[in-house]
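A quick write-up on the structure given underneath.
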Amino acid sequence: MMIIVMDAMETMDKPLSTMSAYKSNKPDFPLLPKIINGGIAGIIGVTCVFPIDLVKTRLQSQSIKPNEIPQYKSMADCFRKTFAKEGFFGMYRGSAVNILLITPEKAIKLTANDFFRHRFSDRSGKITLHREMIAGSLAGLCQIVITTPMELLKIQLQDAGRVQTSGLQERPSATRIALSLIRSKGIFGLYRGTAATMFRDVTFSAIYFPMFANLNKLGPKTTYSNNGSDSETVFWASFLAGCVSGGIAAAAVNPIDVIKTRLQTLKRAEHEQHYSGIRDAFIRIWRDEGIKAFFKGAGCRVMVIAPLFGIAQTVYYLGVAEYLMKKFRLASDNYSHNDYKQQKQQTTKKLRMTENLSKV
C-alpha cells in the first residue's frame, strides 16, 4: 500500500514545468463545467430521493435492545408512520440544508475525482486500478469539509420527528441548531463525527469511482467519428453503471454509516445511549443489538445512493453545465461539451499517429 501511495505522490509532486510532455497528449481539464454539473446533479438527486434518506436515518438512529418493540419495524412501516404523523412535508425535513450544501459537496467530490484521475493518468490518458482507487479516496477526503456539518444538521432535522414525544414541541431549524453548537463548542461543534464521516466517504469513493469507470467501459458505445474509431459510452449505460456502482458501494459502507449516524445524533430518545466514539459505538451496538444492527437502513441507503449517482453521471453525460454556459455566454471561446469530445478525438488521433511512427 505504501508503494502505491508513494507512486501517486510522486505524480502529484511533479512541477507543472516538467509535466508538459505528460499533459500534452491529454485533453484539458475544464474545471467550471465539472463544478456546475456536480452541483446540478446533487440538487436533482437529493430532491428525488430525500424521503427515502429520511427513512434511512430514522431506521439507523433507533437502537433496539432484545425483547424491545421497535418504533419502526421496517422501511414501509417508517414511511407509513412518518407520513401519517407529519404529512408530505414532514418527509422532507432537513431537505433545505441538504440541498443548499449538496451543491458544493457533490461539486467537490466529482470534480476532485476527475482532477486526481487527470493527474494520475499516463501520457495517453490511461490510469491503473490502484491509482483510480487513490484518486477516489482523495476525492472522498476532500468532501468531508462540507459533508460533516451537512450530515450533522440534516440528521438532527430528519430524526426530530422520531424523538419528539409531543406535537407541541417547537420544531428545530438548521440555523438554530448550528448557532447553538457554535456558541457551546465553537466551529468544531459542527464537525462532530468527522472521523466516522471520513472513514465512510473515503471508503465509498475508493469503491465507487473505479467501479463506475470500469463498468462504464463495458457499455455499448456511440461513435462521433466517421471511421468509428472514437466513441463514448451511451447515455443509459452510463446511468446504469452509476446506479450499480453507487448501490454496491453504499451497501459496503453501511456499517460505518450506522455508526456515523448514531454519533451525529445529538438528541436521543430516553432509553437510547450516547456514544463517545467509533470504537465505543461499535462495541455497544454489537453487544446490545447484534450484527444485524449494522445493516439497518441498508436497503434505503442503496435506494438513495444508486439513483443519486446514476443521475450525476447522466448530468455529466448530457453536458448540462456546458449547455448553460454556452447559452448564457459564460464559456470562453464558446466552449461546449462537443468541443471537449472533439478535443478527445484529436488527442486519440495524435496518439495513434505516434504509435504508428514508433512501429516504423
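Glycine is treated like the rest: Cβ placed from N, Cα and C.
Among the features that TrEMBL reports, repeat 'Solcar' is placed at 29-119, 127-218, 233-322. The region 'Disordered' annotation in TrEMBL covers 339-360.
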For the repeat 'Solcar' (29-119), mean pLDDT (0 to 100):
86
Pull the DSSP breakdown for the repeat 'Solcar' (233-322) and write it out as helix, strand, coil residue counts.
70 helix, 1 strand, 19 coil
